[in-house]
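Trainee: Following this message is one structure expressed as structure tokens.
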Amino acid sequence: SHAKEILHCLKEKYFKELQDLEVDGQKVEMPQSLSWYPEELAWHTNLSRKILRKSPQLEKFHQFLVSETECGNISRQEAVSMIPPLLLNVNPHHKILDMCAAPGSKTAQLIEMLHADMNVPFPKGFVIANDVDNKRCYLLVHQAKRLNSPCIMVVNHDASSIPNLQIDVDGRKEVLFYDRILCDVPCSGDGTMRKNIDVWKKWTTQNSLQLHGLQLRIATRGVEQLAEGGRMVYSTCSLNPIENEAVIASLLEKSQGALELADVSSELPGLKRMPGITKWKVMLKDGQWFEEWKDVPSNRQTQIRPTMFPVKDDEKLKAMNLERCLRILPHHQNTGGFFVAVLIKKSPMPWNKRQPKVHQKLPQRTGDTDVTAPNSDNGSECIAVEPALAENEESKKVQELQNSDTEQSKKEGVCGPPPSKKMKLFGFKEDPFVFLPEDDPLFLPIQKFYALDPSFPKMNLLTRTQEGKKRQLYMVSEELRNVLLNNSEKMKVINTGIKVWSRNSDGEQFGCAFRLAQEGIYTLYPFIHARIIDVCIDDVKILLTQENPFLSKFSSETQKKVKDMAMGSIVLKYNPDPEKPDELQCPIVLCGWQGKTSLRAFVPKNERLHYLRMMGVEVFKAKRKEEEESESKTEEEVQHRLAQTEEGMDVEEHDLVTKMEAEIGEESSHSPVESSAMEVENKMEDLDQSSKIVNSHVSQESKDTDTSNVKD
């Protein structure tokens, strides 16, 4: 509902103001909606970042974009990058894996699709977003956090050997298979040549030859973890067939009929696309061309692999339907170049055929990293699962030592960081995820104070501290709780859950030590039955424009409701009136605090601006340095007073994102205009291009631990 309001605001206000605008003597082109994106929810503008940021006439529009991006209501992204999530056909009950997720724009689309029905606080599905690069994982957290979902978990693994996870199904341990997998692999990025000058300077045929093996391993690992009937989308921002059709053809060939390419020609009408190709040649850096594997001299056979060549057998080739792949060419609709293939899994992969038997035979081995081990007695299939076997042997040894500890910690609901040594070689040490015990005395006063519904899933509450005072309470969906509790020893979780309550040092004298947190209010609201005040639109405007307004400023109805209510944290709810179409037509839920004589909203600055814009209030302020500095100071003081001392994990995370942005040339995060998540993605791209890790894939032995190549 908020997206529709923003769209209305854009069309009726901001686009109209751009209509006859001239910047540097040139007429500003009007933004256009992307014809193939559903419900006009994606728009394209030709305004360059420089013009957008530097032109005084566009300052208002720029502030709007930055502020709404910070809130998570707008995301800036390359148009073609929006295609893979759309072709996944996500439903709210789907379990989704995003294998190479950073910087997180596609992940944000997936989260949005899970929450298609805003009346369901906890969809049955979830997104597990993975990236191999620890630093980029924090960027991913920053992007995902804007959407305030209890159904997202960010993990840090090499996608080509991401461990099999287990879940508890009616008391039985079962391997988790995903309904949808997004496999947006690292690539040479030659499709980005229009916006990325680096590609022209550094492009060589070697890039694709070095990446092909990694791409195939990641895609293979993806289809292994896909549920039967599930859908996996493989995509690259490259147009090179060695990174595209060659990977898909090889995958289809070794799947022996378990996979098929889906025909998506009727999906996304309006998107101009070309069919996948069936014939190509392979070229070395020195310009030598090869048409078949048998032509490759033996001294070149480490650089060029048999899987890089097209299938020679015409019948096999025809059965593969490679023309069902999508090639998006830059000049067709003013985009980047892109490749997409949609795969459907019809049966288990041939090397996983005996998988179910393992579970029956070995129920006690809960911590096996992979369940493809039974093939070890079959020489011909053994090659396909060699890495998995090695991992298995290792996990067996570690397992005996861990089992007793693991069972104990599960009883206590503690999901600590994985104890295995290799996990701690890189990245930051994460705090554990500790679920509240059922009889925790902390919860009773909260339940009583807010009159929580008996259906409230209190078992899904967690903190990030094992000892000392619990400062923040977070919430995950039941399904993610299941994943966390059953896989803590083999999964490096960077972040999960949304903050729902914060400790307030003065709170205990008001009956409850915890105040509501705005970021989790839409999840929590359906379960709260006390301390709710319905407010009219004029009251909302007062709450959002004044720092600590006296009760006398509010409508008489609001004053009456507040009169009999004890001091402390409250929920302020605005319900739209369908009979007044000129007023805001989406519901608003705000966290607030009722004092002796005043009523205030606890809402972050950008979110305040968002609601005010939706109500037609002019919030634009021309940039003045002194004003900005004093504003950010008072904002900091207010936040400091309200939140008291935030839990270490949150502070650490914020510092990290700030530090990362500083590293990549981002302006100070205190400037409300210049620092934006919109620009972070592009900055990350710039960073990527300057440090292309092509060389790290030279040999297969290097195991390709770093996949942060140029990737949209």
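Cβ atoms are placed via backbone N, Cα and C, with glycine included.
Taken from TrEMBL, the feature active site, nucleophile applies to Cys237. Residues annotated as S-adenosyl-L-methionine binding site in TrEMBL: Cys100, Ala101, Ala102, Pro103, Gly104, Ser105, Lys106, Asp131, Asp158, Asp184. What TrEMBL records for 623-644, 700-712 is compositional bias 'Basic and acidic residues'. The region 'Disordered' annotation in TrEMBL covers 351-379, 393-417, 623-712.
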Trainee: Would you count the other C-beta atoms found within 10 angstroms of the C-beta of Gly104 (S-adenosyl-L-methionine binding site) for me?
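Mentor: Around the Cβ of Gly104 (S-adenosyl-L-methionine binding site), 32 other Cβ atoms lie within 10 Å.
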Trainee: How big is the gap, in Å, between the Cα of Gly104 (S-adenosyl-L-methionine binding site) and that of the residue listed as 'active site, nucleophile', rounded to a whole number?
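Mentor: Gly104 (S-adenosyl-L-methionine binding site) and the residue listed as 'active site, nucleophile' have their Cα atoms 15 Å apart.
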Trainee: Tell me the Cβ neighbour count for Ala102 (S-adenosyl-L-methionine binding site), meaning other Cβ atoms within 10 Å of its Cβ, over all protein chains shown.
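Mentor: Here the count is 29.
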Trainee: Max Cα-Cα distance in Å among Cys100, Ala101, Ala102, Pro103, Gly104, Ser105, Lys106, Asp131, Asp158, Asp184, the residues listed as binding S-adenosyl-L-methionine?
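Mentor: This binding site's residues have a maximal Cα-Cα distance of 20 Å.
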Trainee: Hey, how far is Asp158 (S-adenosyl-L-methionine binding site) from the residue listed as 'active site, nucleophile', Cα to Cα, in Å?
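Mentor: Between the alpha carbons of Asp158 (S-adenosyl-L-methionine binding site) and the residue listed as 'active site, nucleophile' there are 20 Å.
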Trainee: Cα distance, Lys106 (S-adenosyl-L-methionine binding site) to Cys237 (active site, nucleophile), nearest Å?
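Mentor: About 13 Å separate the Cα atoms of these two residues.
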